[in-house]
Amino acid sequence: MKKLFGTDGVRGVANVYPMTTEMAMQIGRAAAHIFRNGKSRHRIVIGKDTRLSGYMIENALVAGICSMGVDVLQVGPLPTPGIANITSSMRADAGVVISASHNPFQDNGIKFFCRDGFKLPDEMELRIEELIFSGDMDSMRPIANEVGKAYRIDDAAGRFVVFLKSTFPKDMDLSGLKIVLDCANGAAYKVAPAVFEELGAEVIAIGVKPNGTNINAGCGSLHPEVISAAVKEHGADLGIALDGDADRVIFVDEFGNEVNGDNIMAICATDMLQKGTLNKQTLVATVMSNMGLDIAVKRAGGRVIKTAVGDRYVVEEMQKGGYNLGGEQSGHMIFLDHNTTGDGILSALQVLAVMQRQGKRLSELAEVMFALPQVLVNVRVAEKRDVMTIPAVAGLIGDIEAKVKDEGRILIRYSGTEPLLRIMLEGQDKYQISGWAKEIADLVEKNIGGSKVG
């Protein structure tokens, strides 16, 4: 059982355990020791988003890593997939991302990439934790002339821009397209506008003035209403919203209607099926994806495999099965032919390429999938008990499942990063499933304590 690492690294409120400078230094020390194999000089890339606490945590990590004889390459604010890409392209031993993704600025996190750009497997996270809590690290310190050095890589953002543009078809450009782009005042505030503008689009950029405390604040992928209003105001062709570390993306079409991760997976999967480029005719999604996605892909001659929630589990399944497209309803999209992790900007480029190639507007492309009505209720809880051990809750869920049968489904799971129980229902009648979701939430509140969120 891991004590620090969750589904997406170590995460919490900045300056509160475990996101303290003391723990960040220990994480840096332990990771550096584990990645330090052989006698050659070793290097770890560190990047971050735009949170105020990023400076504090970065300095602690740098100190910890250097104290164990490993050099640090600091790339500054850069999207999470950019850090994965730079780690691999610079042949570093590992990459570290300081970010809490879509969470508010008060939170922060630390997650690692291996030298190949893929996220750290569970067993390596466990090794880092074991070393931290073993108390053995003081005896592992190198002597003074063997400590590491820290360097700044000033052209990291430019390198990533060049890489992203290389994933767009060379015989196409974006001239004639007007795009509203929301960078969430986060890590992509410089990179994303540059990519789309250099490919010829007219870009109306918002969320590009980070101040340390406004990341994800009323903007970004969790607030599609912002780009929806801007698309209507400017008569744009579409809107693109990234989150704080730009590993996910949400769209709105020319009418301001949201096009979520399921829609995007359906668009890309069916296009790749038509071209014969979808490996094994298979898309990898999570259990949160709408049943309408399964129907759309099956109709096009493919299939959908479902994993647990979390882009790391999607990537693991893709690697294991040799698949090249996967993603989540939340907007994480993984194109393994191009990158090793969820990449909002790269995903947007692939969708734009489909639009240009097929000569269709986004609203037309989105018609490939019709989503079943879906309701999601979050309940904030004090403890993460197995709700199926509560007779009243288990009984109610069983009754609802019997009524839904094959025309819908119930999914109940705890968030991997927050103290939330997520209750999701799909079915033919939205009003009916909304009532059922509320019934389950009320029973959970009564038996575990807590309150509904959103």
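All residue numbers here begin at 1 and follow the chain in the order shown.
Using N, Cα and C of the backbone, Cβ positions are placed for all residues, glycine too.
Per Swiss-Prot, the features are:
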- SER101: active site, phosphoserine intermediate (ACT_SITE)
- SER101, ASP243, ASP245, ASP247: Mg(2+) binding site (BINDING)
- SER101: phosphoserine (MOD_RES)
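The Cβ neighbour count for ASP243 (Mg(2+) binding site), using a 10 Å radius and every protein chain shown, is 34. Summary of the Mg(2+) site environment: with the site residues SER101, ASP243, ASP245, ASP247 set aside, the chain residues having Cβ atoms within 8 Å of the Cβ mean position are ASP49, PRO79, THR80, SER99, HIS102, GLY186, ALA187, LEU242, GLY244, ALA246, ARG248, GLY342, GLY344.
The residue listed as 'active site, phosphoserine intermediate' sits 5 Å from ASP245 (Mg(2+) binding site), taking the Cα positions as reference. Here the binding-site residues are ASP245, ASP247, and the one ringed by the most other CB atoms within 10 angstroms is ASP245. In this structure, the residue listed as 'active site, phosphoserine intermediate' belongs to neither helix nor strand by DSSP; it is coil. In this view, SER101 (active site, phosphoserine intermediate) is surrounded by 29 other Cβ atoms within 10 Å of its Cβ, with every protein chain counted.
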